[in-house]
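Feature annotations, reproduced from Swiss-Prot:
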{"type": "ACT_SITE", "residues": "His96", "note": "active site, electrophile"}
{"type": "ACT_SITE", "residues": "Glu168", "note": "active site, proton acceptor"}
{"type": "BINDING", "residues": "Asn10, Trp11, Lys12, Gly174, Ser214, Gly235, Gly236", "note": "substrate binding site"}
Amino acid sequence: MSRKPIIAGNWKMNKTLSEAQAFVEAVKNNLPSSDNVESVIGAPALFLAPMAYLRQGSELKLAAENSYFENAGAFTGENSPAAIVDLGVEYIIIGHSERREYFHETDEDINKKAKAIFAAGATPILCCGETLETFEAGKTAEWVSGQIEAGLAGLTAEQVSNLVIAYEPIWAIGTGKTATNEIADETCGVVRSTVEKLYGKEVSEAVRIQYGGSVKPETIEGLMAKENIDGALVGGASLEADSFLALLEMYK
């Protein structure tokens, strides 16, 4: 089965509104065709509405970096999936290691978010990944499989076929370290095998799996050549327009 690549930036808590607007203006007319690749930027919620307006008519898609699992209520400071979708946003990132570590999000929280995001009409980008300690102990497969099983609990086969899973080894995020292409592909293969165990081969062949962790323009082509890697979730290299476009150059 042919899976369309998806290259997604994750700005985290960076940029001002004017900087975000300038970025969209710089990239929107220079992106490869969406027939070849999905080009996505994950931005702080404050910027999503003006970015959605500016990107009209372009190939750029947008992701929120988080959402809550309720669509309304007394949840001060949270953003609902329904409100995010109403802005025209296509994707919502959930389960990032920074959310798990700093905001104590659990697998159960992340699973509830996945269900709410699908119900609202967006697509989750579900993150998973292990610490250096887990990696060095040889327990990566066990850890990542557990995160995937918990994150997908109760989702339908159709939903899982359409979502995106991002494998990000925590020890390679923002550290300058990166897993070898072989390690990245092997662990993305573990993710795919876990999906196959839960939902069957047809679903596992449909789900798109990204690698994330210090991905750069000079390393992305080797990663994308691997069998189980369908895209990248990119932090630092997505912050500048030139660098983001360089990540997509192979698809032009």
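The count begins at 1 with the first shown residue.
Using the three backbone atoms N, Cα and C, a Cβ is placed for every residue, glycine included.
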Recorded positions clustered about Glu168 (active site, proton acceptor) [Cα within 10 Å; pool: Asn10, Trp11, His96, Gly174, Gly236]:
His96
Span of the substrate site, taken as the largest CA to CA distance across Asn10, Trp11, Lys12, Gly174, Ser214, Gly235, Gly236 (Å, rounded to a whole number):
14
Please list, in sequence order, every residue of the chain apart from Asn10, Trp11, Lys12, Gly174, Ser214, Gly235, Gly236 whose Cβ lies within 8 Å of the Cβ centroid of the substrate site.
Gly9, Ile173, Val234, Ala237, Ser238, Leu239
Report, as a single number, how many Cβ atoms besides its own are within 10 Å of the Cβ of the residue listed as 'active site, proton acceptor'.
27
What is the interatomic distance between the Cα atoms of His96 (active site, electrophile) and Asn10 (substrate binding site), given in whole Å?
10
Among Asn10, Ser214, all listed as binding-site residues, which has the most CB atoms within 10 Å of its CB?
Asn10
State the three-class DSSP label for Gly236 (substrate binding site), counting H, G and I as helix, E and B as strand, and everything else as coil.
helix
What residue among the recorded positions Lys12, His96 has the most other CB atoms lying within 10 A of its CB?
His96
Note down the number of other Cβ atoms within 10 Å of the Cβ of Gly235 (substrate binding site), including every protein chain shown.
21
Under a three-state reduction of DSSP output, how is Asn10 (substrate binding site) classified: helix, strand, or coil?
strand
Of Gly174, Gly236, the binding-site residues given in the record, which has the fewest other CB atoms within 10 A of its CB?
Gly174
Around Trp11 (substrate binding site), which residues of its chain at least 6 apart sit with Cβ under 8 Å of its Cβ?
Ala20, Ile41, Gly42, Ala43, Pro44, Glu65, Gly235, Ser238, Leu239
